[in-house]
Amino acid sequence: MIVTEALTKAFSGPFGAIEVLRGIDLEIAKSEVFGVIGRSGAGKSTLVRCLNLLERPTGGRVWVGGRELTSFDERSLRQARRDIGMIFQHFNVLSSRTAADNIALPLELVGLPGPVIRRRVAELLDLVGLTDKGEAYPAELSGGQKQRVGIARALASKPSVLLCDEATSALDPETTKSILALLKDINRRLGLTIVLITHEMHVIKDIADRVAVLDHGRVVEQGRVFDVFTDPQHAVTRAFVHEVLNRDLPEVLVPRLATTRLEGGPVIWRITFTGPSANDPVVSEMVRRFGLSFNILYGHIDYIQGLPYGTLVVEAAGTESARHAALAYLSQKNLSVEVLGHVATPDPVTA
């Protein structure tokens, strides 16, 4: 559906050209939600504007729906852009027009007759949950409602692609959640391909099927959201994932760790559960099979694309051979185990 090949973009600056995009190669499938994440200045917004050629790339090629947009002249581009909707961080609704009239604007510009426009606007107001707000002006709408108007307006021409440039960044967490749910519903009902630009990893976790991580104009990692979250390869990706799935040992437990092994003393493990194995009773099974005793120190579970992902920090006590057998068992279950340290010897009591 959307393909970029060796895409580059440079802007002229006082000291020469500034490269913003450096050889971007992406393949975005029809009807998927594809996330692009990066810090400020990574090139995200420039990339999304190159997808519909609001910014013409310096080099490389862009295809949307099998058409090479980078080969089009301006007239052909205007026609092609009718198949590509776009929403922004700032809602860009006209204060002098009602919600319905804002949605109608792109249909008016292409000269559709009034009855057709009114029918389409009514459909879109219903789609975005604003049936009773058609006659309201932007000043009477909340931020989330304004963004819903923006989404409806972007869908007015029945595009097959929706580009979302930081569409939830100006919204509070609860409103963000509702807008993401709306986008996912639209994706499911209309088969719309959605490209979601954001700097917030929780947005990617909640809605995207696949994700590309952008850093200094390059794609440093991409793949299924579940795979990228559970096994990030690049330092930038790990930092993003850390914001959502904090795997650090809680501060209160740090004093309990010793770096040297204590003869016969308990060991602290961090067990990472992913996919179907996350539902298995592995701790009780290790107690039964190997005679180990466990003290659960910390645990957390989350769901990514409907699949469970969790971590459990435990204090494992038992013989060395029993612990080795338990580690082999966990490996057979495809669970990751990290030895965080050993239980520190308590400070001696002084009189």
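Yeah, the Cβs are placed from backbone N, Cα and C, and that goes for glycine too.
Copied over from Swiss-Prot:
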- G38, R39, S40, G41, A42, G43, K44, S45: ATP binding site (BINDING)
- 2-241: domain 'ABC transporter' (DOMAIN)
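Here G38 (ATP binding site) comes close to K44, H199, V213, L214, D215, V236: these same-chain residues lie at least six apart in sequence, with C-beta atoms under 8 angstroms from its C-beta. Of all the binding-site residues given, namely S40, S45, the one with the smallest number of surrounding CB atoms inside 10 A is S40. Same-chain neighbours of the ATP site beyond G38, R39, S40, G41, A42, G43, K44, S45, judged by a C-beta within 8 angstroms of the site's C-beta center, are, in sequence order, H199, L214. For the domain 'ABC transporter' (2-241), the model's average pLDDT works out to 94. Within the same chain, residues at least six positions away from R39 (ATP binding site) with a Cβ under 8 Å of its Cβ are H199, D215, V236. In the three-state DSSP scheme, A42 (ATP binding site) is classed as coil. Note: A42 (ATP binding site) has non-local neighbours L214, D215, H216, G217, i.e. same-chain residues 6+ apart with C-beta under 8 A of its own C-beta. In this structure, of the binding-site residues G41, G43, the smallest number of CB atoms within 10 A of the CB marks G41.
Take the CB of K44 (ATP binding site) and look out to 10 A: across all protein chains shown you find 23 other CB atoms.
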